[in-house]
Each structure stands twice: as C-alpha cells, then as structure tokens.
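To start, the structure under review is shown below, and the notes come after it.
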Amino acid sequence: MEEGDGGLRSLVPGGPLLLVLYGLLEASGGGRALPQLSDDIPFRVNWPGTEFSLPTTGVLYKEDNYIIMTTAHKEKYKCILPLVTSGDEEEEKDYKGPNPRELLEPLFKQSSCSYRIESYWTYEVCHGKHIRQYHEEKETGQKVNIHEYYLGNMLAKNLLYEKEREAKENEKSNEIPTKNIEGQMTPYYPVGMGNGTPCSLKQNRPRSSTVMYICHPESKHEILSVAEVTTCEYEVVILTPLLCSHPKYKFRASPVNDIFCQSLPGSPFKPLTLRQLEQQEEILRVPFRRNKEEDLPSAKEERFPAIHKPIAVGSQPVLTVGTTHISKLTDDQLIKEFLSGSYCFHGGVGWWKYEFCYGKHVHQYHEDKDNGKTSVVVGTWNQEEHVEWAKKNTARAYHLQDDGTQTVRMVSHFYGNGDICDITDKPRQVTVKLKCKESDSPHAVTVYMLEPHSCQYILGVESPVICKILDTADENGLLSLPN
C-alpha cells in the first residue's frame, strides 16, 4: 500500500496504511461492507480533493461502489473502491472451452521433453512420462558413464486415471492452486509423478514429483525451476503457452489498485491523524548523524545470521545453492577465524542446509520446529588422510594470466570418515573445492553441494575472502595466513 501523492509508503501491499485507516476510520454506507483485502492485491489510497474524475481505463470503478468513512474526529470521507475481480470472474464464468488437461494433451502426445542444464546435473522432463536427473562422465577411449535418478514416472494407465480424476475434480471445485513466482501468486496445473528411484534417506521409498504447469505466452515449455521441497520429493515448474487460453490460468500482472477518498463538506483534505502520522515520518526520515567514535566498528560486534535465498529466475544454478552474508569483521580477523575453523560457512536452499568449518568438518542438516535438528556428518578433517589423497589427486589448480604468470585458481581438500552410507555401507566422504569469488559484496559466500556418486560429495565454497589466501596454498593445497 502506498499513498498516491508521495506521502506515506509501505512495501507490504494492503498493509500498514490500510491498517492505519481502519484504526482511524469507521465505515458506514447503507449495507456496504469493507472489501476483502489480500496481500496478493496491492492497493494505494489517493486523496484527490473535490475536483476529481474517475479513471476510464484500467481497473473498473462505479460511482455507487463506495464506503463512507468516519474518523475518530468525526471527519467524513467518501472512498470509491475498485472492482478488482469483476471482469475476470465474468470471463471465467462464460468459458466453455477445453479443461487444462485437454489443453496440455498435445504436449503429452508429442513425446516431447524439456531440459534444464546446470553446472553438474541435467534435468529431463518428458511430459506425461518421466522426470530424470542425470550426469554424464566421458573418459578418453571409454564408454560414457551415466549417473542418474528418476524423480518420477507416469505409466499410461496412470495418465488416463489422472485425466479422468482431475477432470471431475475441476468440475466440482473452482479452486485453482497457486504458487509464488517472483512475488506473484500464479495459478498452476499440477501433474503428479511417482515410482521414481528408491530414496535411501526415506527407507528406500520411491522418489516422487509434482510438475506444475503455468501459463507463459512466449514460452516453449521450458523448465523454470527444480526444487527438492522435502527429502526426495520434488517440485518442477514448467512454463507453457498451452494453458494461456484458459481464463483461470492466464498470466496476469498485479497492478496497484487505487482507492480514491474524497472529503465530504466540513472535513479537511486528509484526516488529521493521518497528517500527524506523515509529519512524524518526515521527522524520522532526517538522517541520524553519529559522531566519529560511533562510526568505528565495535570489537564485540555480533555476526549477522546466515540468510539463505534461491538464485534468481533466469540464472543457471546448481540444484542446491545458497548465498549468505557474513559479519563485518575486518578481513584479517575473518581470515584468522576461518582458517582456525571457528568461523563456519553455511549455505543451501530447500530441505537440506550445509555447514563447512575449515579443517574440522562438513555437515548436512535440516532444522524443523517440531522435530528439532537432523544432522548428517558428510566428512571430517584428517590432515594425514588429505595428504595421501593429494598425492593421487589435484589439490591445487592454477590459472594462467595474460602475462604468463600462474595464480592459484582453486584448492581441493579431502574430508572422510563421515556417517555410514545406507547404500554403500561405507563412510560418507566429500571433496571441498575452495574458489575465489569476484563480487561487489566482499562478504558474500556461495555454498553448493553435488553428489556425483552415492554418498561421495563435492562441496563448492566460493568467496572474495578466499581470494586473499589461495596463493598461500602449498603443494598439498593447505592454506595459511597471508604475509
């Protein structure tokens, strides 16, 4: 909600300003009720004065669709409300065309597949058939090795049953499920797939997925995202133009809906209390000036908690990736704490998160309000084991500069002796790859995990902080404080 003439603003649609108005005003108007407000529909209150004409384009308005609002100071306002949903409801009511399953039928009959290529995994969605996650390893003179998981399958009889069941459900119910896509609640058509590759973390129960088809007029059935919402249960979002002819699945922008409140005779342009509130906000906007002593960072400054977020739509992230912002300690102090293992990096989105403490351990964990924290030890540090590993593997990789000099591009460390794996009956192990990350934020850290073989992991850690210590790596890739 925001005010139309540049006054009070709020980032939450339908939030503080309307709440303030509800607290200041009471409604009357011969049986009219306050509108049903939703955070999905943004509103903006305008105070246009007495000389005013309603907009003739965009959102519809009617002169008789208003509420008389009275403040605690007996100020009265006539607030004209937008007809937010009337046009859409009429279109949906008149629709007699194919149901969403029938609209998607050509996609299922074509035996077409969509792909999403990421840094390690490739995702294959063969519509109405299966979802596959795979990685190909090709070695010189040898055949291609494929590491794959099926995230869901759909047999022909299941497809027929699904078609009949969902068609009946659509006739009975008008509720369309929605998903938050880039901040907008977007309707989707779900297709369930089960019978995937057995999941060792769930007593070998099969993996399963929900494919969410959403309308996008200019798309070509692309895979927008793949997410593991719980252990071995996935959500796959597909963009398709086929649903766009159905009014309930149409892509709609969320314009700001204006509410126009005009003062009635004897009342001021705006409510007194609202004007006082605006004046208070203006005072708070005056920059707070600190003296020089306060500008200095405190030695006891607490670290900020980790903030995990998904990669923006349109990028090519790995399956599990997170970005965290670390504290504003000086770089030297931060490097010391990182190398001592007392400062740990955290990352990951979705069900599992990851903790990496240099020279100590790599943990995979999930926190739940009801069941507490579930943690899996992926690997623990043993310098002797790492040195033996480094004799057979590349622990220090170089980058050749334009002037012919070499700089360390990445170091790899081996962490073994993790928890026993149900599939292999061997301890889990992980190779940690530390890379320099160029970023505008000097304290940004990206952490991601791959599983190229069962219970054998790769943990990628990228940060500008690592840039400053890579060149200290010895022949075994071990790091130290820079001079």
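Yeah, the Cβs are placed from backbone N, Cα and C, and that goes for glycine too.
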Per Swiss-Prot, the disulfide partner of Cys455, chosen from Cys421, Cys436, Cys467: Cys421
Disulfide-bonded cysteine for Cys244 as listed in Swiss-Prot, from Cys199, Cys215, Cys261: Cys215
Cys199, Cys232 as disulfide-bonded residues, winner by CB count within 10 A: Cys232
Other CB atoms within 10 A, centred on Cys215 (disulfide bond): 24
Other CB atoms, at most 10 A from the CB of Cys344 (disulfide bond): 17
Spatially closest candidate among Cys199, Cys232, Cys244, Cys344, Cys421, the listed disulfide-bonded residues, to Cys436 (disulfide bond) (Cα to Cα): Cys344
Same chain, 6+ residues apart, C-beta under 8 Å of the C-beta of Cys357 (disulfide bond), given in sequence order: Gly341, Ser342, Cys344
Those disulfide-bonded residues listed as Cys455, Cys467, and which of them has the most Cβ atoms within 10 Å of its own Cβ: Cys455
Secondary structure content, the domain 'MRH 2' (342-469) (per DSSP, counts of residues): 14 helix, 70 strand, 44 coil
In the chain carrying Cys421 (disulfide bond), residues 6 or more apart in sequence that have Cβ under 8 angstroms from it: Ser200, Pro427, Arg428, Ser454, Cys455
